[in-house]
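Visitor: Can you keep this structure in mind? I'll have questions shortly.
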């Protein structure tokens with residue numbers, strides 16, 4: 001049976017920890033979308049690991065891991081990240097990681113183009129990570145991309161990469177990029193990659209009787225190309241539908257869809273953010289929560305929990321359970337606000353829909369409910385009944401407001417065991 005972990009906001013919700021926990025019983029862990037633009041941190045046996053392109057199921061020695069067809073694959077980052085986690089003690093990780101031959105290759109060329117495209121937008125920048133993700137997915141959609149399996153065919157690979165280089169030079173002129181240098185690097189990568197590249201369908205059929213398959217979402221629903229705050233989104237399908245498509249999942253095999261919700265809201269980069277707090281509360285959330293991006297180091301924008309957004313996310317991803325993270329960051333607030341409705345520019349009140357037009361979203365007025373804080377330390381609490389009454393009331397308010405979806409896990413700190421599991 002399949003469990004899927006998905007971000008419900010704008011990313012950085014803390015998906016890695018629940019994935020790490022669930023991977024202990026998983027025999028297969030898969031990434032379905034995104035690339036090395038994703039980022040999360042796992043603290044495992046007092047060692048901190050930063051994951052980007054690799055599935056975090058690698059922390060479990062019995063878990064096989066797949067980077068699936070919906071991803072974009074930056075080869076240097078793959079080997080760098082693999083070496084880094086093995087150097088920290090995850091021995092044998094290289095023998096447990098595979099990549100679909102249908103994933104697309106993200107080149108250094110794409111990163112150069114990403115920067116040029118962002119520069120061309122001027123004040124309307126999307127705020128990308130600069131990793132080349134958007135240009136790579138653009139090449140995929142335009143049917144000119146290079147797939148991982150083609151790396152093994154030297155002649156085809158080099159022809160297609162040179163064609164990409166020529167097409168981008170036609171568009172932008174001279175580039176700070178040497179295609180022959182990249183081709184030379186791949187001559188070294190080719191044999192190193194070969195043991196990791198698999199026919200995805202064949203690979204998944206070999207594991208179809210896996211009692212516990214875990215799908216690890218990247219980014220989050222509000223960064224989804226179709227359902228997110230377009231154009232301030234990533235370039236892939238980050239929700240439930242994207243996971244099913246990328247991994248050819250049988251929907252009947254899905255036993256749980258876990259939405260990861262930060263106890264407040266953050267986003268990196270540009271774009272609408274209705275509950276953002278450009279005040280002392282936002283500053284406090286940023287400082288106490290240490291809200292800096294794992295991938296870029298950029299400071300995250302912070303605001304109160306937005307339940308309109310969460311209801312919208314649930315309506316698309318159909319969560320069966322929630323993991324509420326970073327509850328402890330709210331410990332020192334006298335009062336905690338929660339967004340429960342939007343007042344649209346035309347005066348209409350909505351509680352579960354998110355407008356498609358970013359100009360409309362920018363003019364939304366958020367209706368808040370103010371709840372009492374608990375003013376006591378929850379870090380490391382491991383039993384629900386040991387939480388302060390007001391903290392439990394906060395959690396139960398969220399459950400009611402998101403249609404009764406149970407909050408089954410509650411994060412109370414950065415360590416792997418700083419998690420409450422409710423029956």
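Here the Cβ of each residue, glycine as well, is placed from N, Cα and C on the backbone.
Among the features that Swiss-Prot reports, active site, proton acceptor is placed at 12. Here Swiss-Prot flags 40 as active site, proton donor. Residues or ranges marked as GTP binding site by Swiss-Prot on the basis of sequence analysis: 11-17, 39-41, 300, 326-328, 411-413. According to Swiss-Prot, the feature Mg(2+) binding site maps to 12, 39, an assignment based on sequence analysis. Swiss-Prot lists 12, 13, 14, 15, 37, 38, 39, 40, 129, 143, 219, 234, 298 with the feature IMP binding site, giving sequence analysis as the kind of evidence. The feature substrate binding site is assigned by Swiss-Prot to 294, 295, 296, 297, 298, 299, 300.
What's the neighbourhood like for each of these?
Guide: According to DSSP, residue 12 (active site, proton acceptor) sits in a coil region rather than a helix or strand.
In the three-state DSSP classification, residue 40 (active site, proton donor) falls within a strand.
Every protein chain shown contributes to the tally, and the Cβ of residue 12 (active site, proton acceptor) ends up with 28 other Cβ atoms within 10 Å.
Using a 10 Å radius centred on the Cβ of residue 40 (active site, proton donor) and all shown protein chains, the other Cβ atoms total 24.
Packing around residue 297 (substrate binding site) is summarised by its Cβ count: 9 other Cβ atoms lie within 10 angstroms of its Cβ, all protein chains included.
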Visitor: Filter the binding-site residues 37, 219, 297 down to those whose C-alpha lies within 10 angstroms of the C-alpha of residue 12 (active site, proton acceptor); answer none if the list is empty.
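Guide: If one measures from the Cα of residue 12 (active site, proton acceptor), the binding-site residues that come within 10 Å are 219.
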Visitor: Tell me which of the binding-site residues 129, 297, 298, 299, 300 ends up closest to residue 41 (GTP binding site) in space, Cα to Cα.
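Guide: Of all the candidates listed, 297 is nearest in space.
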Visitor: Among all chains shown, work out which of the binding-site residues 17, 298, 299, 300 has the most CB atoms within 10 A of its CB.
Guide: 17
Visitor: Listing them in sequence order, which of the binding-site residues 37, 297, 299 have their Cα within 10 Å of that of residue 11 (GTP binding site)?
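Guide: So far as Cα distances go, none of the binding-site residues lies within 10 Å of residue 11 (GTP binding site).
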Visitor: With residue 17 (GTP binding site) as the reference Cα, tell me which of the recorded positions 40, 129, 297, 299, 300 is the closest one.
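Guide: Closest candidate to residue 17 (GTP binding site), judged by Cα separation, is 40.
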